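Asks: Annotations for this protein, taken from TrEMBL, read as follows:
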TRANSMEM  35-54  transmembrane segment
TRANSMEM  235-258  transmembrane segment
TRANSMEM  290-313  transmembrane segment
TRANSMEM  325-341  transmembrane segment
TRANSMEM  361-384  transmembrane segment
TRANSMEM  396-412  transmembrane segment
TRANSMEM  424-446  transmembrane segment
REGION    457-517  region 'Disordered'
COMPBIAS  464-479  compositional bias 'Acidic residues'
COMPBIAS  480-496  compositional bias 'Basic and acidic residues'
Amino acid sequence: MASHRASMVNMSIRDSLYMHPLEKYERFGIYPWKIVIQILLLITTTCQVLIIVFNSASYSYTQYTLWNKLFLNPDVQGSDTTITNSYNVFSIRDLTHFLQKTVDRYYHVNSHTLDNYSYEYEDDGSIQKPRLLVDYLDYDDAKSKGYEMEYKLSPEDLGPFSHLNPKNYLELVSRFEIKMIFNQHLDDELDLFSTCYHWVLNQKYDYSVHGPVNVVMDIDRSSCGDEIYDPMKKFVWLGVAILILSICSLCSIFLYFMKRALLIAKMRGGPRGYRSAWDYLGTREKLKFLNLWVIFNIIGNICQMFSGILTIVDQGRSMNLHETLIGFGCFTAWVGIIQYLEHTSQTYTIANTLKRSFSTLLPYMVGILPIFMGFTFLAMCLFWNCGFYPNTTSSMMALFALLCGDSVYFFFDGVVLEDIVIGQIYMFAFIIFFINCVHNLFVAIIQEGFNSLSEKPVKKIDESESEEDEDEKEEIETIEEQKEQTEPEESIDKSFKRMQTAPVESSPKFGKRISGKAEEQEKISKLAFKQILEGRIRSQDLEPLEKNTKKRIDKMNKIAKEIAELKKGILFLSKPSINERGIDRKKLQNHAKDLLEIQLPGSAAMLLIGED
């Protein structure tokens with residue numbers, strides 16, 4: 001602890017604020033707790049994915065396949081068909097038959113499956129019926145004709161589709177869905193995060209654009225709220241560890257904000273407490289504390305914290321939400337470790353390359369976007385019937401895949417079949433322009449940023465100083481030399497103290513011009529701030545003083561200057577020139593030593609009493 005405090009004393013404010021944690025450890029022996037917390041978060045969140053999500057995802061995928069086969073696409077065979085499938089119904093007879101089959105399978109689900117499933121029950125003990133929720137084109141018109149927003153279905157009653165003319169009813173409908181709920185209780189010996197799963201199946205029918213009715217499945221799952229809670233099997237220890245680590249990481253960010261706020265408040269002669277210093281700053285100044293890594297870490301820590309809470313509090317939670325939080329928490333933990341590699345240029349190459357390239361890449365991409373969108377909308381108008389460009393999102397995805405060289409022949413063939421002339425012109429123009437020109441220029445810009453790292457390596461914060469800062473420093477030094485000629489006793493320390501009480505004026509860098517004494521004061525202030533960062537002015541000197549204390553300190557400083565002048569005079573008299581004769585130089589030096597070591601300290605004390 002003592003060595004840690006000693007290291008903190010020897011460290012300048014600049015090093016404390018900007019030096020990398022690993023460099024602090026190498027140079028001052030300060031343990032890099034932030035890196036340790038980040039590594040532990042990386043390990044624990046990865047364990048969350050491997051232990052909790054992996055097994056749950058395997059089980060859920062097989063269940064998704066089952067639900068799709070029972071209630072959506074009867075031809076699904078598992079791994080050979082995506083589980084996010086859809087099914088089109090083309091006639092009213094097929095639609096009523098599809099609805100009837102869905103309701104029948106709901107009530108007899110266990111006769112169609114290998115596992116056993118249970119139902120939710122009404123208050124009277126009967127099985128909860130599947131619900132039909134309808135979205136009408138005109139609610140008032142549908143209500144006037146006696147139709148309802150919600151129906152409860154049974155094998156004998158399909159609601160509005162049991163009427164003599166369901167086709168007329170369908171003309172009033174935009175969308176509708178059937179909601180079904182199942183529970184599955186599993187053996188405790190299975191290596192799953194939960195022993196009971198609550199499945200909510202939404203069979204959605206879309207007739208908003210007419211033609212066929214498009215049917216998709218929206219499946220949600222959660223753990224049952226009535227299962228026996230086993231802390232060891234639920235990996236509560238893992239949730240607790242992640243919760244503690246994420247809170248520690250957020251606290252370290254909060255402490256970083258408070259330390260910087262306190263420093264700025266001290267420099268301006270503001271309050272000393274952390275809370276008071278934070279309130280002392282304006283909103284714009286507080287926002288300057290944020291950078292991309294800080295924002296990224298805050299978002300990641302929030303995801304990690306809530307994923308830990310959901311791991312601990314398992315009853316009735318949504319598994320989709322839990323897995324999403326785990327995924328983002330693990331992602332930010334892995335990506336966030338890059339920020340701690342910044343002090344080694346080789347491992348931080350990708351970030352440095354993007355930094356160097358971003359200023360050129362951004363306007364380049366902005367200039368390319370209108371051309372890309374032009375091709376997107378042209379494809380929607382000319383080739384919508386080939387199936388690749390039915391809407392804006394699908395068109396952009398298809399063109400981006402084509403830009404990346406994915407399935408070029410497949411897209412080319414589909415477009416040319418629709419229009420052999422315009423299709424070929426369109427495809428050749430897009431491929432030549434985007435793949436040959438845009439894509440290669442994109443790579444060239446990034447390559448230039450990468451090459452610049454070897455030509456002009458990234459300097460460390462304590463070593464780097466821009467040309468503007470160098471010119472500014474020379475200009476400030478010139479001002480100081482001129483001031484020393486007219487006011488030899490004034491130093492940069494006094495200038496800095498004047499800065500604490502002087503009104504704050506905007507810098508020319510931020511758009512307001514400062515001239516004359518104000519400009520001179522601004523430059524001196526900047527140099528004073530640099531001296532603070534480098535440790536040439538102690539942070540203790542920034543603390544605001546009481547009036548009487550400050551008065552006495554000023555008197556003591558005055559006395560110290562008088563003593564220093566007396567010392568100079570004594571030393572001058574004790575060293576006569578060579579030309580002077582009849583002088584015992586040894587006696588002079590001994591007498592000067594006696595005065596400096598014995599009498600002057602006493603005289604200084606008497607002088608102090610006399611001043612009072």
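Glycine too: its Cβ is placed from the backbone N, Cα and C atoms.
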Asks: Counting Cβ pairs closer than 8 Å, which of 35-54, 235-258, 325-341, 424-446 has the most of them with the transmembrane segment (290-313)?
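Replies: Looking only at 35-54, 235-258, 325-341, 424-446, the most contacts with the transmembrane segment (290-313) come from 235-258.
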Asks: At a C-beta cut-off of under 8 Å, are there same-chain residues at least 6 beyond the transmembrane segment (396-412) that contact it? List them, or none.
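Replies: Result: 372, 375-376, 379, 388-389, 427, 430-431, 434-435, 438-439.
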Asks: Using a Cβ-Cβ cut-off of under 8 Å, list the residues of the same chain that are 6+ residues beyond the ends of the transmembrane segment (235-258) and lie near it.
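Replies: Residues packing against the transmembrane segment (235-258) from afar: 33-34, 37-38, 40-41, 44-45, 47-48, 51-52, 193, 274, 277-278, 286, 289, 294, 297-298, 301-302, 304-305, 307-312, 329.
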Asks: The transmembrane segment (361-384) and the transmembrane segment (325-341): do they have three or more Cβ pairs under 8 Å, with pairs 6 or more apart in sequence?
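Replies: No, the stretches stay apart by this measure.
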Asks: What residues in the same chain, six or more past the boundaries of the transmembrane segment (35-54), come closer than 8 Å to it by Cβ-Cβ distance?
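Replies: Apart from its flanks, the transmembrane segment (35-54) reaches 21-22, 193, 235, 238, 241-242, 245-246, 248-249, 252, 304, 307, 311, 323, 326-327, 329-330, 333-334, 336-337, 340.
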